[in-house]
Amino acid sequence: MSALSAWFWNERFWLPHNVTWADLADPAPGVEYPKAGHLFIALPLALVIFAVRIVYERFIASTCAQSLHIQTGVGRRAQPNAVLEKVFTSITKNPDSRHLDGLSKQLDWEVRKVQRWFRHRRNQDKPSTHTKFCESMWRFTFYLCIFIYGFQFLWQTPWMWDTRHCWYGYPYQVMTPGLYCYYVTELAFYWSLMFSQFTDIKRKDFLIMFIHHLATVSLISFSYVNNMARVGSLVMCVHDTSDFLLEAAKLANYAKYQRLCDFLFIVFGVVFFITRLVIYPVWVLNSSMFESWAIVGPFPSWWLFNILLLVLQVLHIIWSYLIARIAVKAMLRGKVCNDVRSDIESSSEEEPDMPTEGLKTSHSPKGENGTNGHCAAAKARAQNHSSW
C-alpha cells in the first residue's frame, strides 16, 4: 500500500518543478494549505444535506405544492388484468403491433383498448407532478443559495477581478475559510446527489448522470488537492449561474404558469450561452491555460486539469446546441415533440390517445404534457447540469 500511495502522490505529477510535499507540510502559523484529508468532511456533510433535503421536501416544498394545487396522484389507473400485468412486468412495457394483436385476440379486446391499458399502466409507475415539484424546489433552493454565497465570496477576492491572482504565488496559496466552505459544500452536495439518485425520480439517463456526478466530485477534489482552488471557484460560480434558472423554469412548468415558464427558460438559455460559451472560455480557460503557463509553467497535473476543462467546454458546446435546437423547434413549430438529449423525466400526466402504430402526434401548439414547448424543454437537465 505504501508503494501504491507513493506512486499516486508522486510530487512530479502533482506539483510544479522544485516544489515538494514537504514544502507545503509546515506552513507558517495561521496559514493553511489544501490537503486531501480536508475533503473527508464532505462525506458526513453530504449525509446532512441529504437529511435536510428530505425534511425540506416533505414539509416546505410539499406545502408550497399544495398551495399551488399541484396534483399528488398519477391520474387514471389501469384496471386489474393478470394477463396484461404479466406481459407488462416480464416481457415489455411498450408492446409492438404483433403483441397488441395477439393480446387483443386472447382477451377479446379491441387493439385500442389494450394499447390504452398499457398507457395507463405505464403512467402508474411515473412520479406525480407533486413529487417532481418538490425535487425541483429543493434543487432550486440549493443552487440559488450556493450561487449567492459563491458570488458574494468571490466579489471580495482579488482573482475575481484579475484572474492572474489565481496563479501568483502558486502553489503557496492560503486556503481561506470562505473558500474552503465553498468547496466542501459544493463537493458534499454532489456526493448527496450520488446518494439520492437511488431514491429520486428514476430517469433514463441514470447511469449518465451518475457518471457525471462522479466526474464532478473527482474534478472538484482534484483541483483542491493540487491547490487550483482559486480557478476552481471561478468554474463553480460560472456553472452555478444558470442552474437555479433551469429549476425555476421547471417549477413554473409544474405549477402550470406557462408564460412564466417561457420567460424563465429564455432567461436560462441566454445566461447559459453567455456563461458557458463566452465567460467560461474567455475568463476561466484563458487564465487556466495561458496566464498560468506564463506565471507558473506547465507540469503533469496542470496538463490533466486543463484537458478536463477543455472537455467541459466541448460539453458546453454540445449542450448549447441542443438547447438552441429545442428553442428553435419551439418557436417554429410551437411545440417540442421530444427532448433531443434524452426523455429523462417521465410525465405524470396521462398520455394522449394515439394511433395503433404508436406515432406521437399533437393536435395543439403545446407539448406532450399539455404545456408550452419552452416548458417541455425546461424539464430537461442542461447539466450541465451540471455544475462541473
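From the backbone N, Cα and C atoms, a Cβ is placed for every residue, glycine too.
Per TrEMBL, DNA-binding region is recorded for 86-129.
The compositional bias 'Polar residues' annotation in TrEMBL covers 359-372.
The domain 'Homeobox' feature in TrEMBL is assigned to 84-128. Across the domain 'Homeobox' (84-128), the model assigns an average pLDDT of 88.
Among the features that TrEMBL reports, domain 'TLC' is placed at 131-332.
Residues annotated as region 'Disordered' in TrEMBL: 343-388.
If you look at the transmembrane segment (36-56), the same-chain residues 6 or more away from its ends with a CB under 8 A from one of its CBs are 137-138, 141-142, 175, 180, 184-185, 187-189, 191-192, 195-196, 221, 224-225. Residues or ranges marked as transmembrane segment in TrEMBL: 36-56 (among others).
Taken from TrEMBL, the feature transmembrane segment covers 136-155 (among others). Within its own chain, the transmembrane segment (136-155) is flanked in space by residues 49, 53, 56-57, 60-61, 64-65, 178-179, 182, 185-186, 189, 233-234, 236-237, 240-241, 243-244, 247-248, 250-251, 254, which lie at least six positions past its ends and keep a Cβ under 8 Å from the stretch.
Here TrEMBL flags 175-194 (among others) as transmembrane segment. Counting residues 6+ beyond its ends, the transmembrane segment (175-194) has Cβ neighbours under 8 Å at 32-34, 38-39, 41-43, 45-50, 53, 142, 146, 149-150, 153, 157, 210, 213-214, 216-217, 220-221, 224, 227, 229-230, 232-233, 236, 387 in the same chain.
The transmembrane segment annotation in TrEMBL covers 263-283 (among others).
For 303-324 (among others), the entry in TrEMBL reads transmembrane segment.
When DSSP labels each residue, the DNA-binding region (86-129) comes out as 31 helix, 0 strand, 13 coil, counted as helix, strand and coil in that order.
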